[in-house]
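Asker: Just passing along the structure, written as structure tokens.
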Amino acid sequence: MGPASPAARGLSRRPGQPPLPLLLPLLLLLLRAQPAIGSLAGGSPGAAEAPGSAQVAGLCGRLTLHRDLRTGRWEPDPQRSRRCLRDPQRVLEYCRQMYPELQIARVEQATQAIPMERWCGGSRSGSCAHPHHQVVPFRCLPGEFVSEALLVPEGCRFLHQERMDQCESSTRRHQEAQEACSSQGLILHGSGMLLPCGSDRFRGVEYVCCPPPGTPDPSGTAVGDPSTRSWPPGSRVEGAEDEEEEESFPQPVDDYFVEPPQAEEEEETVPPPSSHTLAVVGKVTPTPRPTDGVDIYFGMPGEISEHEGFLRAKMDLEERRMRQINEVMREWAMADNQSKNLPKADRQALNEHFQSILQTLEEQVSGERQRLVETHATRVIALINDQRRAALEGFLAALQADPPQAERVLLALRRYLRAEQKEQRHTLRHYQHVAAVDPEKAQQMRFQVHTHLQVIEERVNQSLGLLDQNPHLAQELRPQIQELLHSEHLGPSELEAPAPGGSSEDKGGLQPPDSKDDTPMTLPKGSTEQDAASPEKEKMNPLEQYERKVNASVPRGFPFHSSEIQRDELAPAGTGVSREAVSGLLIMGAGGGSLIVLSMLLLRRKKPYGAISHGVVEVDPMLTLEEQQLRELQRHGYENPTYRFLEERP
């Protein structure tokens, strides 16, 4: 038998060495335990998780796992404990136990579940009943809370929600962000928590919503925003205008805007009679989104169409407001976390400071928004007046042609009536907006708005009266004009409907109490509404009537003045005024004065103590001295409730 190997000789010669049969079972146990431990550490770092981030995960009845900061692999609990990691406070305690060197201050549940392979729960057998699991780990975060920085890709929207009265988990806040994006037809790209209020509890969430893949969004604006609509050159936008008319009037002040004049629908190929008409009809062309729509709108008017520029400026103003509020909220959250150890009075002062900053910011944005609306309204009024003047010039040119062509006259009349209709629509929308915001102010301007609409109707009737100078043309176009007037009519009778947000007193509209329903405008037969209002007026000869109507139709007549509505809104500026027009205005003024006097008399009669006479009053000698003094005091306007029983005494 050969000599033994050196290793065998060493084992047999060393004193106190355990025999070989005892070492073999120990080695087998170690070899069996190694695959079991390796199965628990088999989970690899997810694609969305950093390899060195501190995290814990656990399922009820299985070994609790934690991430190794050096390798990024999941390791089992050293004490082989099985915990149900559901309570955030228990998760925080376990994180501090696993990572004592990191000074864990808070925990946050991940937004995505990760696969955990061969999670056998410490089974020593070679097989697992359920080897694969999906688990949502908890992140162990050291230090104070800092909101996560989110990337906003091109074409996406950055939004946030704060609810100071609700303290929800991060999972619930993440679901709210998903629901908010889904309600707008978008998908959630990323989210971050705001304003912590406990362990894994937050009062707000910020998130990024992006359009679904394959959705074209070249301008990078919000999906569904009206400013993203682009019209090819030469296209008709009358349909979009009609759709906007069908929508209900917006209630909030921020959403109020005045519809601008758009390109008219022209079915005929007859060229416009004036080159000025071509300059008025705006052409909406797609333009790239400006860097700052507010500055572009105020600084460089006319770069793009008025309606598109206003919508973009309003959207950019809201985006700027959201960015500023988000920055203030972040600073507030950081200051609140840093001031936890300060006295209560100091923390209260800090909160009041940030509240004042937010209030100042809101006031600045509100003033900018009001300035934006007023500028837009002023520009729209100017556009409406220019378009109306151009349409009236075209109508007069078509009538004065030799010989006048019925087709051109009808086309020019349609343009003119639509221009007047836009002014009526603008007046109605302005009144409805004021009624929704300030009912008292709307009550004060009711008479002015009603008078304005009446002036527009009179102006239209006088323009239609010019057709009587050509009886053959008037007879030929009478059916078409009647149909056109019926479709385009929008006068004071439209104010019968209650304005949005108005009180029950406004349900009567702007119609005076003694007025009847306005009938649709009809083609005049040699007379106007002023002639009908004063039947005692003698009828003028055709030449004088024609001169009067031409002077009234061209931008010269009806110098209606109002404190709420500028003169340019009611009638074109001019110099020539006929005597008949002045007489009509005087009659209207006298009627208005009579209504005011009657209203004052009715109000005075409604007083509880009757009218106070300031003339000579005959003293009844049968009255006592006290009653005579009471009469004298009441005559000078003094009303003392103490003496009321004397009046009621028989």
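Note that Cβ sites are derived from N, Cα and C of the backbone, with glycine treated the same way.
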Asker: Choose one of Cys60, Cys95: the cysteine that Swiss-Prot connects to Cys84 by a disulfide bond.
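Answerer: Answer per the record: Cys60.
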Asker: Could you identify, going by Swiss-Prot, the member of Cys140, Cys156, Cys167 that forms a disulphide bond with Cys197?
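Answerer: Recorded partner, per Swiss-Prot: Cys167.
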Asker: Look up motif 'NPXY motif' in Swiss-Prot and report which of 236-239, 488-491, 640-643 it refers to.
Answerer: 640-643
Asker: Given the ranges 346-377, 410-441, which one is assigned the annotation region 'Heparin-binding' in Swiss-Prot?
Answerer: 410-441
Asker: Choosing among Cys156, Cys181, which residue does Swiss-Prot name as bonded to Cys210 by a disulfide?
Answerer: Cys156
Asker: To which of the residue ranges 2-19, 632-649 does Swiss-Prot assign the term region 'Interaction with DAB1'?
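Answerer: My reading of Swiss-Prot: the region 'Interaction with DAB1' range is 632-649.
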Asker: From the set Thr215, Thr519, which residue is assigned the annotation O-linked glycosylation site by Swiss-Prot?
Answerer: Thr215
Asker: What mean pLDDT score does the motif 'NPXY motif' (640-643) have in the model?
Answerer: 58
